[in-house]
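Novice: The structure follows.
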Amino acid sequence: MDKIIKSISTSGSFRAYVLDCTETVRTAQEKHQTLSSSTVALGRTLIANQILAANQKGNSKVTVKVIGDSSFGHIISVADTKGNVKGYIQNTGVDIKKTATGEVLVGPFMGNGHFVVITDYGTGQPYTSTTPLITGEIGEDFAYYLTESEQTPSAVGLNVLLDDEDKVKVAGGFMLQVLPGASDEEISRYEKRIQEMPSISSLLESENHIESLLSAIYGEDDYKRLSEDSLAFYCDCSKERFEAALLTLGTKELQAMKDEDKGVEITCQFCNQTYYFTEEDLEKIINDSIK
C-alpha cells in the first residue's frame, strides 16, 4: 500500500515528507497506457501533487498543471487531503531514452512553460500560483515553486523507475523544508547532507526505500514521525456526473445526439473510464432539462 510519512527534526527546525507512490503511478500507467517518458513525467507530477495536498486540511483540493510547449503537452493532476490523486498527460506516447544508458528522458522534452498550482479551499475562490519551469524535470520545478511561491526553502526528490519492460518498478520521493528558527549551522549541515546523499533513484531501489529516504535526510539527527497516511490513485468520476454535464448542453444539442448519433460515449480524461448514454438515457436527460 502506498503511503506518506510526515516527520520533523527534534529541534523543530526541519520537516520532511517521504512517499511510496508505486501503486499510484502503476495504476496511472495502466489506465492511460503511457510509454516510458510519459509514465515518468506523469508519475512525478502525481507525487508532487500528493505532497502539496498533504500540506492542506479539511476538504481542500490541489490541482497541479505542468504546462510545457514541447512533446508532452500538458500534465494535469488533482489531489485531495485524503491521499487520493488522479491525473493525465496529453501525449501518452513519449518514449525517449539515452542510447548508452537507457535512462528515460523527461526534461529535454518538456519545453518552456509553467508549473501551476490551484488550491481550492471549498470557499468558491480557488487560489492560483504560477512559477516558470526551470529544468522540466518536475522535481526541480516543484522545489522552485515551493521556494518562490510559498516562500519555504525546500529540497525535493521525485522519481519513477521502470523495469526492463517499461512497467513501473518503484515510485516515490521526498520533500525537506526549512522551518522558522533554523540556525545557520543546522541549515549548512542539512544542505551538505542533501548534496552528498545518494541519488533518489538508488534510494528508491533499496530494499526499504521509505526508511532509506528518512535516513538519508536526517543522518544522525534525531527526528519524530508525526503521521503515516495511505495514498492511492482514485478518480471520483461517475455516470451521474457526466449526466449533469450533459444537462448543461441544452435541448437542441441533446436532441441531435439522440436522433443523429443514436447515443453518446464520454471518456473521463483523468482515468480513461468510458460511459455510454443510450437514446433512452438522452431522452430522459432531455425531459429533465425542460422540467
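Heads up, residue numbers simply count up from 1 along the chain you see.
Using the three backbone atoms N, Cα and C, a Cβ is placed for every residue, glycine included.
So Swiss-Prot has the following annotated:
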DISULFID  CYS235-CYS237  disulfide bond
DISULFID  CYS268-CYS271  disulfide bond
Novice: Are there any residues in the same chain, six or more apart in sequence, whose C-beta is under 8 angstroms from the C-beta of CYS237 (disulfide bond), and if so which?
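Specialist: Looking at Cβ-Cβ distances below 8 Å from CYS237 (disulfide bond), excluding near sequence neighbours, one finds CYS268, PHE270, CYS271, GLN273.
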Novice: Counting only residues 6+ apart in the same chain, whose Cβ is under 8 Å from the Cβ of CYS235 (disulfide bond)?
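Specialist: Once residues fewer than 6 apart are set aside, CYS235 (disulfide bond) is near LYS86, CYS268, PHE270, CYS271, GLN273.
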Novice: So, three-state DSSP: helix, strand or coil for CYS237 (disulfide bond)?
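Specialist: For CYS237 (disulfide bond) - judged by DSSP and reduced to three states - the answer is coil.
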